[in-house]
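A.B. asks: According to Swiss-Prot:
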| type | residues | note |
| --- | --- | --- |
| BINDING | 5-36 | FAD binding site |
| BINDING | 146-174 | NAD(+) binding site |
Amino acid sequence: MKEKTIIIVGGGQAAAMAAASLRQQGFTGELHLFSDEQHLPYERPPLSKSMLLEDSPQLQSVLPAHWWQENNVHLHSGVTIKTLGRDTRELVLANGESWHWDQLFIATGAAARPLPLLDALGERCFTLRHAGDAARLREVLQPERSVVIVGAGTIGLELAASATQRRCKVTVIELAATVMGRNAPPPVQRYLLQRHQQAGVRILLNNAIEHVVDGEKVELTLQSGETLQADVVIYGIGISANDQLAREANLDTTNGIVIDEACRTCDPAIFAGGDVAITRLDNGALHRCESWENANNHAQIAAAAMLGLPLPLLPPPWFWSDQYSDNLQFIGDMRGDDWLCRGNPETQKAIWFNLQNGVLIGAVTLNQGREIRSIRKWIQSGKTFDAKQLTDENIALKSL
């Protein structure tokens with residue numbers, strides 16, 4: 001019997017790791033990856049950090065160039081897909097070529113959620129999703145330039161840190177009452193706000209842009225009535241899933257391709273993962289997790305499901321952010337207001353713990369990444385703690 005053919009659509013973390021996972025889990029059939037980018041699939045996290053700060057930055061490939069040939073994975077870069085061919089099982093390219101598939105994994109990622117008021121500025125307005133975006137930003141983030149960043153989420157704050165380190169004058173505008181409100185617990189939000197302010201970043205909370213005038217500098221009028229002058233305007237206010245191909249194929253979409261716990265779409269032969277995917281939970285709610293690790297998890301889960309293997313057990317959600325000299329790692333459940341702190345954040349070394357009825361359900365480390373392995377095990381096992389154990393620095397965490 002002829003082995004099935006699997007096609008992967010996308011050029012990022014989830015797409016590359018799906019190819020790797022399929023081979024690692026024993027798939028020996030024909031395997032193709034189609035991407036509209038010219039590069040090998042590359043790591044996205046460095047785009048807001050090292051790609052802006054290093055003297056001679058290089059894209060970091062998810063897998064080395066030799067891996068693709070050695071593992072007999074056919075890589076099609078710089079191509080545009082016209083249709084997925086859900087009914088015919090034939091992927092059609094813009095150049096007219098068609099490619100048969102038996103199973104399909106879609107990992108087309110996401111674009112920056114548009115902000116029409118700023119998009120009208122054309123090339124004077126920047127977002128960050130791809131390597132080309134980082135290259136353009138690197139050119140314009142020059143010393144003494146005034147930079148306005150709209151959005152104080154993870155990307156906005158990482159860009160603020162990088163621009164400040166490039167000696168720009170940075171202002172961040174955030175509609176909410178805090179920074180990183182979607183991702184960080186209250187004590188970490190307060191720490192990051194103070195950290196950026198101490199670095200010279202002006203952060204305007206509970207505010208938004210009302211009017212924009214393009215001139216020698218961009219003039220931005222805020223809801224508060226204040227007017228800002230900017231050489232560079234950047235925004236990051238969320239994502240818009242690249243789900244057009246899926247919508248045209250009549251897959252279930254809601255700003256993302258709806259998947260189940262096996263990364264399967266409403267078509268049993270089509271799977272999706274990474275930022276383009278949104279999971280329908282058992283209670284019917286839709287949940288999206290935008291992180292490097294989530295892309296890897298989706299790749300492993302989808303590969304197992306495609307091959308009819310048991311699904312891997314998922315670790316607690318985890319992501320990291322590098323801002324200035326700080327490395328913050330977030331693991332587990334970030335909800336709740338009653339967090340314990342071990343150490344002193346003012347020394348830039350601390351761990352915040354989230355206990356629920358004595359059970360550790362989440363944590364954030366500040367320049368204490370070596371503790372993440374133990375914390376992950378504790379969260380997975382549902383380990384209980386006395387609050388004094390976790391906060392007493394005289395008690396080594398590894399002894400608990």
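Cβ atoms here come from the backbone N, Cα and C positions, even for glycine.
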A.B. asks: When the Cα of SER146 (NAD(+) binding site) is compared with the Cα of each of the binding-site residues THR5, VAL9, SER21, GLN25, GLY29, which one is closest?
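C.D. replies: Minimum Cα distance from SER146 (NAD(+) binding site) across THR5, VAL9, SER21, GLN25, GLY29 lands on VAL9.
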A.B. asks: List the residues of the same chain that sit at least 6 positions away from GLN13 (FAD binding site) in sequence and have their Cβ under 8 Å from its Cβ, in sequence order, or write 'none'.
C.D. replies: PRO41, GLU43, ARG44, VAL62, GLY274, TRP292, ALA295, ASN296, ALA299
A.B. asks: If we check Cα distances from THR154 (NAD(+) binding site), which of the binding-site residues GLN25, GLY29, LEU33 wins as closest?
C.D. replies: LEU33
A.B. asks: In whole Å, how far does the CA atom of LEU33 (FAD binding site) lie from that of SER162 (NAD(+) binding site)?
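C.D. replies: Between the Cα atoms of LEU33 (FAD binding site) and SER162 (NAD(+) binding site), the distance comes to 33 Å.
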A.B. asks: Taking only same-chain residues 6+ apart in sequence, whose CB is under 8 Å from that of ARG166 (NAD(+) binding site), what do you get?
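C.D. replies: Set apart from ARG166 (NAD(+) binding site) by at least 6 residues yet with Cβ under 8 Å, we have LEU52, LEU53, LEU141, GLN142, PRO143.
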A.B. asks: Output the one of VAL9, LEU33, VAL150 that, of all these binding-site residues, has the highest number of other Cβ atoms within 10 Å of its Cβ.
C.D. replies: VAL9
A.B. asks: Rounded to a whole number, how many Å is the Cα of MET17 (FAD binding site) away from the Cα of VAL150 (NAD(+) binding site)?
C.D. replies: 32
A.B. asks: Per DSSP, to which secondary structure element type does THR5 (FAD binding site) belong, with helix, strand and coil as the options?
C.D. replies: strand
A.B. asks: Counting every protein chain present, what is the number of Cβ atoms, excluding its own, within 10 Å of the Cβ of GLN25 (FAD binding site)?
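C.D. replies: For GLN25 (FAD binding site), the 10 Å Cβ neighbour count is 14.
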A.B. asks: Have a look around VAL170 (NAD(+) binding site) and count the other CB atoms within 10 A of its CB, chains all included.
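C.D. replies: The answer is 27 other Cβ atoms.
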